[in-house]
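Enquirer: Dropping the structure in here first, questions after.
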Amino acid sequence: MNMGDTQIIIGEKDATRIPPYSSQEGINSLIRKSQEAKEFAYCPYSKFRVGAAVVTHDGTVFTGCNVENACYNLGICAERNAISKAVSEGYRTFKAIAITSDLNEQFISPCGGCRQFMREFGTHWEVFLSKPDESYMEMTVEELLPVSFGPEDLTSKKLFTMQNGY
C-alpha cells in the first residue's frame, strides 16, 4: 500500500528524518523506532517488553513502551502510550503504527483495549505487527477490529429516549 511521500520527523525538536513510507526502508525505519522504544519498557512483572511507534499525517513520529504497575490494571500498553503522547501534542490523525515485542515465533498483536483505543482515531490507518528481525504483517485498524464501535456511533439516531433524560 502506498502511504505517500511524507518525510518522517522524529519529534518536534529532533530534525532526524527517515525515508518516506512509500518505500520499504520507511516501513522498516518505523519498525526500528518501535524496537528502540521497547528498550525502555518497564515490565518487572510480566517481563514482556512491547514498543510502539505511531506516525501522524504530517510525518511526526511518537514512540511508547509498556509501563506496568504493581496494581496491574494501572499499567499502560505501548500503543496507548505512543498515541497518548501524540494526542497530548495536538495530533488526532495517524497514518500508521508499528508494534514490536521480543516474540520471535509470532507477530505481536495489540490487546483488545489497544485495538479500541486505535479505533477512536479512525479505521483506515496502517498497523504493522512485527518481530525482532523486522519482518512484519500489515493490517488496518478495521481489519484488527471489525464491526467496531466508534465516535460516529454516539451521534446515531436512537430508537428511544429513556425517561430519566439519558
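Using N, Cα and C of the backbone, Cβ positions are placed for all residues, glycine too.
Got these off TrEMBL a minute ago, pasting:
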DOMAIN    25-152  domain 'CMP/dCMP-type deaminase'
BINDING   ASN66, VAL67, GLU68, ASN69, ALA70, CYS71, TYR72  substrate binding site
BINDING   CYS77, CYS111, CYS114  Zn(2+) binding site
ACT_SITE  GLU79  active site, proton donor
Enquirer: With a radius of 8 angstroms around the mean position of the C-beta atoms of ASN66, VAL67, GLU68, ASN69, ALA70, CYS71, TYR72, what other residues of the same chain does the substrate site pick up?
Expert: TYR42, TYR45, LEU74, GLY75, ILE76
Enquirer: For the domain 'CMP/dCMP-type deaminase' (25-152), what's the mean pLDDT in this predicted model?
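Expert: Here the predicted model's pLDDT, averaged over the domain 'CMP/dCMP-type deaminase' (25-152), is 96.
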Enquirer: Taking every protein chain in this structure into account, which of the binding-site residues VAL67, ALA70, CYS71, CYS114 has the most other Cβ atoms within 10 Å of its Cβ?
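Expert: When each Cβ's neighbours within 10 Å are tallied, CYS114 tops the list.
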Enquirer: Let's see if you can do this one: DSSP helix, strand and coil counts over the domain 'CMP/dCMP-type deaminase' (25-152), in that order.
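Expert: With helix first, then strand, then coil, the domain 'CMP/dCMP-type deaminase' (25-152) has 42 helix, 34 strand, 52 coil.
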Enquirer: Around the Zn(2+) site recorded as CYS77, CYS111, CYS114, what other same-chain residues have a C-beta within 8 angstroms of the site's C-beta center?
Expert: ALA78, GLU79, ARG80, PRO110, GLY112, GLY113, ARG115, PHE117
Enquirer: Can you give me the Cα-Cα distance between TYR72 (substrate binding site) and CYS114 (Zn(2+) binding site) in Å, rounded to a whole number?
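Expert: Answer for this pair: 16 Å between alpha carbons.
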Enquirer: Given ASN66 (substrate binding site) and CYS77 (Zn(2+) binding site), what distance in Å do their CA atoms have, once rounded to a whole number?
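Expert: So the alpha carbons of ASN66 (substrate binding site) and CYS77 (Zn(2+) binding site) sit roughly 4 Å from each other.
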Enquirer: For ASN69 (substrate binding site), which residues in the same chain are close in space, meaning a Cβ under 8 Å from its Cβ, but six or more apart along the sequence?
Expert: GLY75
Enquirer: With a 10 Å radius around each C-beta, find which of these binding-site residues (CYS77, CYS111) has the fewest other C-beta atoms nearby.
Expert: CYS111
Enquirer: I'm trying to understand the geometry here, so how far is the Cα atom of CYS77 (Zn(2+) binding site) from the Cα atom of ALA70 (substrate binding site), in Å to the nearest whole number?
Expert: 14
